[in-house]
């Protein structure tokens, strides 16, 4: 079941930028969704952004992830490759007077999977990127090494690995697969743990997304059966199931607010919802974006003042005020055909979109 290199091979003495993984202070305090219901008309306006075509994969661009310090962003494709971009170079490329010739923001490309890439994550402290793929593997890439194109270790799972998430300690990772229970791996021993008393989940319980909370005290899964499940990060017990969170439609994404009190989910019922972790209650709904086909993401911006998602028919990015749930902007995605993934920087006003048109676009607040 488990093969790979001994943990001594996990020596990451070298690192790219000095201070990788040091998280800058947030721009504003996190929003308190538990506060009194806001009234209409108090919505904030979402600042204008400029966008730039960054790169093309050879097939559909399926997923993207920023490093925790916001300095890097990685994208994965149906062409089985992974591209790693340096955000500082992207910004340099977007300057109107880039005099020194073309800047190349892609600093690494990895080729080691046999099937499309489903999800990516960065190690919280080390220069390591992991990828989950339809080839049933999780691969580890050390991006401090200039020439490495291949993974330096591999976890062989039994199922299609649809989603991956590192524990904040960096010692464990979660894999959400076609199997209904998240697979928890110790990355030093490759041991795989399953919940001892997992809930009975019917046949279509495949996990579309799994994400740890900020401290690793909990994790959340969004499943094809439409259920959002909350799991205890220590015991791996399922502590709450929100059945029919998106009606009979698939739940396609779920992630925690920074304070871990709420979970934002999206589903193929064209809704984005905010749930209270402690009670499982629905707190807010963000309506007016249609997503019924693709594995749509709904994400907060870095300050949690706004929610961003995808409108498939119009191929637009839809933005709501997170507190009032009022729609404040709709922007053309500039992709040809629907774009399928949206990922926001954790540290600044910037996000990326990944297209069925194979392209990656970077968006940042216009100065």
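Just so you know, glycine gets a Cβ as well, placed from its N, Cα and C.
Confidence in the repeat 'WD' (54-95), given as mean pLDDT, stands at 84. If you look up TrEMBL, you'll see 54-95 (among others) marked as repeat 'WD'.
The feature repeat 'WD' is assigned by TrEMBL to 110-151 (among others). Sequence-distant contacts of the repeat 'WD' (110-151), counting only residues of its own chain at least 6 positions beyond either end whose CB sits under 8 Å from a CB of the stretch, comprise 12, 14-16, 20-21, 59-60, 62-68, 72, 74-82, 84, 157-166, 168-170, 173, 175-176, 185, 187, 209.
Residues annotated as repeat 'WD' in TrEMBL: 207-241 (among others). If you look at the repeat 'WD' (207-241), the same-chain residues 6 or more away from its ends with a CB under 8 A from one of its CBs are 119, 162-169, 172, 174-180, 182, 184, 193-199, 201, 247-256, 258-260, 263, 265-267, 269, 275, 277, 280, 295.
The repeat 'WD' annotation in TrEMBL covers 252-285 (among others).
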